[in-house]
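Enquirer: Input: one structure, supplied below.
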């Protein structure tokens with residue numbers, strides 16, 4: 001088929017209202033005016049909001065549960081939180097591969113939702129088991145092994161379910177907009193902003209409700225409410241089935257994307273002796289000009305597979321530069337929260353704000369800034385750059401990484417003041433005492449953290465979704481989510497190494513259980529330096545990046 005014939009056919013498809021390469025829930029060609037778009041994404045966003053209510057209802061206050069009912073040390077609790085969050089954010093790489101090559105996004109969402117609900121149910125049950133028992137030999141009270149076993153089993157079952165749910169539902173939501181239609185293509189960029197806005201609203205709500213219930217009423221009830229919310233999420237998703245658009249490849253069996261990409265690299269290595277002239281005729285004229293050494297794989301691999309490998313390889317430098325932001329991202333539910341737990345959190349003589357609730361300021365800043373970004377910043381930038389989105393996705397990400405640096409600097413300065421206040425009032429040896437310093441001092445670091453989140457996380461989501469071939473979009477979003485996952489693993493590793501290094505020879509650890517003797521400020525300064533290096537590296541690689549059309 002010639003280019004003109006293909007263009008005529010595409011134009012006819014648009015005029016007839018049929019969405020190319022898409023079917024409805026009955027398997028018939030999707031009609032633009034009765035499926036997809038904002039009509040479908042409303043159900044999907046609703047399901048995402050309910051899911052985020054469930055997930056953050058557990059994650060945001062988990063360190064308090066570890067150091068409270070499970071009696072863990074601060075460093076051990078922070079490492080366990082980071083490992084769990086990292087697992088939940090890393091598993092999308094596996095689930096994205098399964099969805100793209102075998103199950104399809106819709107079925108994967110149904111499967112992982114069921115696992116998710118089962119995990120939340122078990123977690124709620126574990127909270128009803130008495131926390132303490134007496135050791136038969138020492139007669140010392142200790143945490144029940146049964147409680148710990150069921151708790152961690154449930155926690156990682158939640159991670160398995162959440163890892164598959166979030167990557168597939170975000171890709172499935174974006175799939176509801178047709179890139180061949182100019183109006184829907186523009187709406188897709190807006191969708192990423194407003195879906196993040198809606199998720200933040202759900203997170204804000206759960207931090208206000210679940211955290212209060214957990215610390216003031218009951219941990220079992222505090223875990224049970226997220227379980228009901230996840231059931232609502234699945235119900236909302238199923239409710240919109242009749243409006244969804246499904247890719248024509250949805251659920252078909254394909255070779256695993258990791259296998260396809262790996263095969264290209266192996267073939268290129270085997271054919272490394274081949275000259276460029278020998279492979280020239282095998283490479284399509286529209287082939288990308290980067291990573292030409294992979295063109296040698298065209299001798300034994302399909303040209304589409306070669307282009308897939310090139311697309312993924314080009315994302316690696318950007319992905320690696322973002323890992324430090326993933327480490328910074330891990331601090332809010334861990335050390336930021338523990339920092340606030342030592343400060344004056346009283347609103348009145350009877351009302352004490354849970355330390356984890358301070359994370360609400362992240363979501364409040366997101367909710368306030370996304371409309372500003374979408375309605376003011378983008379039109380102003382568009383008038384200057386003449387780009388539909390105002391700035392490129394890489395410019396957006398780099399802005400967010402830069403803003404994370406002053407957030408860490410402020411966190412370090414506030415922690416230095418908190419330590420000085422503790423010394424001035426003779427509280428250095430009183431870990432349970434409240435430092436007479438208002439918790440409101442932490443608000444600026446949370447607000448800047450939230451604004452950097454709007455730039456970086458939404459930008460990463462749009463970038464990794466748009467810069468991989470259509471067949472790999474679940475995998476693309478998995479790469480974005482793995483930034484947070486690997487970041488949490490690296491944070492856990494850093495905490496373990498620093499804990500060991502700083503607690504030797506009788507020294508006080510940076511992460512001592514008594515935070516009035518610890519040095520979280522040193523850790524924040526270290527992260528600020530690493531973020532500065534990451535920002536410079538990111539800008540360097542972003543300047544040479546060539547954007548691709550995934551079609």
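For all residues, glycine too, the Cβ spot is worked out from N, Cα and C.
What TrEMBL records for this protein is below:
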- 81-102: transmembrane segment (TRANSMEM)
- 109-129: transmembrane segment (TRANSMEM)
- 149-169: transmembrane segment (TRANSMEM)
- 219-239: transmembrane segment (TRANSMEM)
- 312-331: transmembrane segment (TRANSMEM)
- 351-373: transmembrane segment (TRANSMEM)
- 394-414: transmembrane segment (TRANSMEM)
- 477-498: transmembrane segment (TRANSMEM)
- 522-542: transmembrane segment (TRANSMEM)
Enquirer: Are the transmembrane segment (522-542) and the transmembrane segment (312-331) close enough to be called in contact, which here means at least 3 C-beta pairs under 8 A that are separated by 6 or more residues?
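Expert: Yes, these stretches are in contact.
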Enquirer: When only pairs 6 or more apart in sequence are counted, do the transmembrane segment (81-102) and the transmembrane segment (219-239) reach 3 or more Cβ pairs under 8 Å?
Expert: no
Enquirer: Considering pairs 6 or more residues apart, do the transmembrane segment (477-498) and the transmembrane segment (312-331) have at least three CB pairs under 8 Å?
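Expert: Per Cβ check, the transmembrane segment (477-498) touches the transmembrane segment (312-331).
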